[in-house]
Each structure stands twice: as structure tokens, then as C-alpha cells.
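In what follows, a structure is listed as C-alpha cells, so that the remarks can point back to it.
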Amino acid sequence: AVTVEMEDWEIPTSLGPTEAKENTSSPIGMSCENLECYMVLIKEEKTAIGSICFLAGPITLLENALVLGVIAATATLRQRPSYLFIASLALADIFASCFFTTSFLDFHLFRRSDGPTAYLFKLGGVTMAFTSSVGSLLLTALDRYLCIHQASSYKVLLTRRRALLSLLILWSATIFISFLPLMGWRCPTVLSPPCSRLFPYINQGYLACWTSFILVLLALILWAYALILWKAHRHVSSMTSLQGAAGTGQARMRMDIRLARTFGLILLILVGCWLPALSFMLADVSVLLTHTQQRAFAFCSTLCLVNSAVNPLLYALRCRELRVALLQLLQRLCETGRCKKTTDNLTTELPSTEDNNCTGFTENDEMPGTRTTQLNSISEMNDRKLNFRE
């Protein structure tokens with residue numbers, strides 16, 4: 001069985017059945033010199049996966065850019081550690097939408113074959129983006145855990161400086177881990193085994209370490225949310241026993257259930273998007289994958305991009321403070337646009353020295369002119385009375 005798999009690995013996908021039989025004994029360096037043994041998608045699969053990337057990529061970019069812009073433009077949100085972690089998540093997902101979409105489409109759809117350095121640099125960018133995304137999700141989960149379990153000392157434990165320090169450590173470690181193949185930890189045999197059948201030039205040892213690292217991060221996220229739900233359930237039970245009111249207890253129990261549903265949805269999406277791709281990576285370390293499994297992995301990897309598109313909806317836009325800040329920012333932008341438009345109209349139509357302030361849209365702001373006219377008429381009447389008396 002191993003011999004058959006090795007022969008299948010050495011045959012390029014572009015060869016026909018007759019050519020394949022004639023080249024079963026050809027070395028892998030000749031059959032994969034243009035990385036064709038990794039470009040396994042057929043026409044229908046290219047259309048489907050390309051549609052997902054073309055749709056999810058721009059949506060992910062716009063959503064996360066909006067979240068990052070709102071946090072950067074709001075001073076109160078920039079001071080909160082929770083929103084610093086959400087901003088880090090948005091930044092990582094922006095990188096994921098750019099790096100993954102361009103690299104994936106360039107390789108699988110347009111069949112561009114880069115050299116080892118160029119390919120590993122692109123792959124390092126994708127790895128950095130997704131690793132930072134999962135790491136930011138872990139920091140967000142730990143932030144919520146501290147907020148529930150250490151509510152009284154939360155502001156002392158998690159200051160803005162400590163949040164920035166944790167983000168600095170996260171991104172530094174992520175960049176170092178992601179570009180290890182570019183720095184030398186690559187496959188010693190270039191493309192032949194023990195190289196990965198999912199990523200060219202990648203050592204199976206590095207792939208096993210990175211996959212295990214991501215699985216540990218996901219396990220910590222699950223553990224943090226499980227503890228949050230356990231703490232919330234204990235709090236609901238204690239409040240129900242103390243108050244003894246049936247209506248209040250039912251209302252609090254409904255809040256507990258809503259919290260469980262929210263966290264359940266978050267974890268379901270997270271695990272559902274990441275576990276299929278990670279499973280194929282672990283299988284690539286232990287067994288020789290077929291072309292069918294390679295094509296399945298190409299589809300599963302796009303689910304990681306879908307997770308980056310869903311993250312703003314689950315973690316950012318569900319926060320009431322961020323939604324209020326977004327509405328206020330949009331309102332300020334609209335008022336600025338209206339002010340500029342009105343100023344331009346006044347400049348062209350009434351080229352006088354009147355006040356062109358943007359606050360001159362309401363009726364209350366028009367009252368000073370009316371009051372001035374009334375005061376002038378009253379002063380004229382008083383002058384006339386004085387002249388008549390004289």
C-alpha cells in the first residue's frame with residue numbers, strides 16, 4: 001500500500017493515464033519541479049473554492065477594517081483592554097483576508113509556481129495571520145474569564161499596560177513561529193517525503209508542532225468558556241436560592257440559558273471551522289495523503305477564512321458599546337459631510353461675511369439673527385421717544 005501511495009505521489013496530476021504508467025518510476029524532483037503535484041483542484045472545485053474566496057475575502061476585510069477603525073477613533077474604547085484584544089483580532093483577520101486570499105488563489109487557481117523563498121514568505125504571512133487570530137481569541141476568552149471570576153479586582157489585574165504587553169508577546173511569538181520555515185526549518189529533501197503533501201517545502205515536524213500549538217490554544221479557549229458558564233450557573237443558582245422568588249429565578253435562569261447558547265454558538269463555529277483543516281494536517285504527518293484528501297483539505301482551509309469573516313459579528317458587533325460608538329462615528333461623519341456641503345453652498349451663493357458654522361442647521365441657531373433685528377428695532381423706538389420728549 002505504501003508503494004502504491006508513493007507512486008501516486010510521484011505522478012504529476014497533468015499527465016494522462018498512458019503517461020502516468022510510463023513515469024511511475026520517475027523521481028519526485030522531476031514530477032514536482034513546478035509544484036504540480038500540489039495543484040490538485042479540478043475545474044469545478046476551482047470554481048467553488050474561488051467563489052468562496054472572492055466572496056469571503058472582501059467581506060472579511062471590510063468588516064474587520066470597520067471594527068478596527070471604530071476602536072481607533074473612539075478614545076474610551078482604546079483605553080479598555082477588552083477592546084484592545086478585539087482590535088488585535090480584527091487586525092489579524094484583516095491580514096488573513098489579504099494574505100490567504102491572494103496566496104490561495106494565486107497558487108490553486110492561477111497555478112503560479114514560486115521558488116522556495118517566495119513561497120515560504122507567503123505561507124509565513126498566512127500562518128502569522130491565522131495564528132494571531134486564534135491567539136487573540138484566547139486573550140479575549142481569558143479577559144472574559146477574569147471579568148467573571150475576578151470581578152472585584154479585574155481592573156487591577158488587567159490594566160491597559162498589561163494588555164498591550166500581552167499583545168506584544170503574542171504578535172512577537174506568532175511572527176517568530178510563522179517564519180521558522182523561511183529561517184531554515186524546512187524540508188531537507190526539498191519536495192519528496194518526509195515533506196508535507198499539503199504544503200510544499202514544509203517539514204512534517206514543523207507542521208506537527210504548529211498544529212499541536214493551535215490545538216492547545218483551542219483547548220484553552222474551550223476551557224475558559226466552560227469555566228465562565230460554570231461560574232454563571234453557580235451565580236444563578238445562588239441568587240435563586242437567596243431571593244426565593246419564582247419569577248426572578250426563572251428570569252435569571254433564562255439569562256443563564258442565553259449565555260450558554262451564545263457561548264455554544266461561538267465555540268461551535270470556532271471548532272467547526274478549524275477542526276477539519278487541523279485534522280488533515282495531523283493526518284499528513286502520520287500517513288501519505290491521496291489527491292482526493294488534498295482536494296478536501298483545500299476546501300477545509302477556506303473555512304478558516306470564513307471564521308475570520310464571522311469573528312466581527314460574534315465578538316465585536318455584539319458589544320453594545322462598540323455599536324453605539326459606530327453609530328456616533330457615522331453620525332459625526334454625516335454631520336461633517338453636511339457641514340462641508342452647506343459651507344460650499346453658502347460660499348458660492350452668499351459671498352458675504354456671515355457666519356458659516358456647521359451648527360447653523362437648527363432653528364435655535366437662527367435665533368441670534370432674529371434677536372439682533374428685534375433689539376435694533378427696539379433701540380430705534382427708544383431713540384424716537386427721547387427725541388419727541390426733547
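Note that Cβ sites are derived from N, Cα and C of the backbone, with glycine treated the same way.
If you check TrEMBL, you get these features:
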TRANSMEM  48-71  transmembrane segment
DOMAIN    63-315  domain 'G-protein coupled receptors family 1 profile'
TRANSMEM  83-105  transmembrane segment
TRANSMEM  117-142  transmembrane segment
TRANSMEM  163-185  transmembrane segment
TRANSMEM  205-230  transmembrane segment
TRANSMEM  262-283  transmembrane segment
TRANSMEM  295-317  transmembrane segment
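Note: the stretches the transmembrane segment (48-71) and the transmembrane segment (262-283) are not in contact (fewer than 3 CB pairs below 8 A, sequence gap of 6 or more).
A contact links the transmembrane segment (163-185) to the transmembrane segment (83-105), because at least 3 Cβ pairs that are 6 or more residues apart lie under 8 A.
When averaged over the domain 'G-protein coupled receptors family 1 profile' (63-315), pLDDT in the model lands at 86. Residues 35, 82, 85-86, 88-89, 91-93, 95-96, 98-100, 103, 106, 166-167, 170-171, 174-175, 177-179, 181-182, 186, 199-202, 210, 213-214, 217-218, 220-221, 224-225, 270, 274, 304, 307-308, 311, 315 of the same chain sit 6 or more residues outside the transmembrane segment (117-142) yet have a Cβ under 8 Å from a Cβ within it.
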